[in-house]
């Protein structure tokens, strides 16, 4: 095909050059015709005809190459960086507006409470209503649906432009409300939709994407999956996509994923510097842990305890999230009421969480005025907040003041923060808005690690003595370990270890992080499925998850052991009566299509509704009138032919 294309292009170039030579006054053989001296200037300009042909060839070549992989990956990275930066800017503006309203009403606590509660309630209610009206498929994380799509199942309306718009606007409003929700999971769905829509757009230019765009949805979605977390952490974003998409990942997509992720991260960081959010391209949560002696080997048991406890905590989070959803669905009275009042449930949940996090109220015991980003910045701080449990010995500066309470120490604040945020995050992720759970779990894990680190610093105030050298314990390192362990336990991934390295910009705690993440995964996988597999089970999506520990004997089960043999089917040569009998004798939503009753070769399946619609269309009054007209025309032709034969005889 390529040789034929070049041959045709060369023939076209020759013909175009000959035509231009004739126009410029050349003969058929290319020899110039006689010219007058006044035509010398025109003759000189005619010598540029080959340049025009070359420019035309280059133009056609570039248009044919628009659909190639590298152009697609550059466009994908660029679009994802722009979308992520615009969303981050809008979310930061919304959060800043909430703080401005809260700070401007400091003279009246009642007005402060109303502003603190009303603002997120309005945003969450708008997000839920907008998503339900425009595209209900945009609700939730989107990773369970993407895992199902990448297994070959077609889910309608999940990769459309309408769902993309609903996801972006709904997620921006949900995160701008300040609720304990995450961005990473929905951003995976956004990137996959962007890749699918971009492949559909590039199919107009030919090249690799000239085939039907539906066939490109899976590879496009997989590339989008790999590039989804690129603006935040490009390298672990690709690794995380490989783990989350489960059993299969095409090796040929490695360079594609890293290329799109790197380009997207570069554009995202450049935009941040251009907007003066950062001075230069640095880590998002840059830490300053000491490098000469980051931790002592005697601290490894404490890191292992963090990993084991995070494994149990991750399994408990998945279990609690699933039980909340099942409780709401099993209570028929509540379910019917909420189906009629769809916006009531998100409004009530937002009202409850906002009331509990009100800073002058109960929120003063859990740093309620801090956003998730500010919370992570404080938790990763390398200074010790308390010495021997007395918080007054440390001078709190800036946003660290939120963790200080005059009537309690930092341990009480951290414990209250962990317990409250745990069930709040599990409840908030059930709201019918675009949201994820990765970042709330990440923050909870960081708080738990910080609690263990502060406890170690209190038990060993002078540090651990090693070879006559004293090194104080760094609680921020424990926070990094806890964040990676708990998020890895909830998602059943190990790449969260690489995520914290890229977030903090340091790999000094690589050994403790890997130990904690592996132990957390081992414990969590033996108790509960991952959060995404749990949601797949709740939604009853057509997806076969991996078997857990203790169920390996089920690998020996064959399809014939569980399949239904007595099933009605449709053949290629079946009649109208056969179709009616099949539709009347079974209530299956999908009917198998076989070649014949003798061979029983499966050709595919067809939905019951489609069969009914086709039958109705074939037997409609319009089709019957058309058949009668055709029959009358055939009868007239037959009469004419008989008359001509009689005339000839």
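Glycine is no exception: its Cβ is also placed from the backbone N, Cα and C atoms.
A TrEMBL annotation is a machine prediction, not a hand-curated record.
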Of the residue ranges 164-186, 187-209, 256-278, the one that TrEMBL records as transmembrane segment | 187-209
When you check the transmembrane segment (480-503) against the transmembrane segment (300-322), do you get at least 3 Cβ pairs under 8 Å, counting only pairs 6 or more apart in sequence?
-> yes
Chain residues outside the transmembrane segment (438-460) and at least six past its termini with a C-beta under 8 angstroms from it = 180-185, 299, 302, 305-306, 309-310, 313-314, 317, 372, 375-376, 379-380, 384-389, 410-411, 414-415, 417-418, 421-422, 425, 428-429, 472-487, 490-491
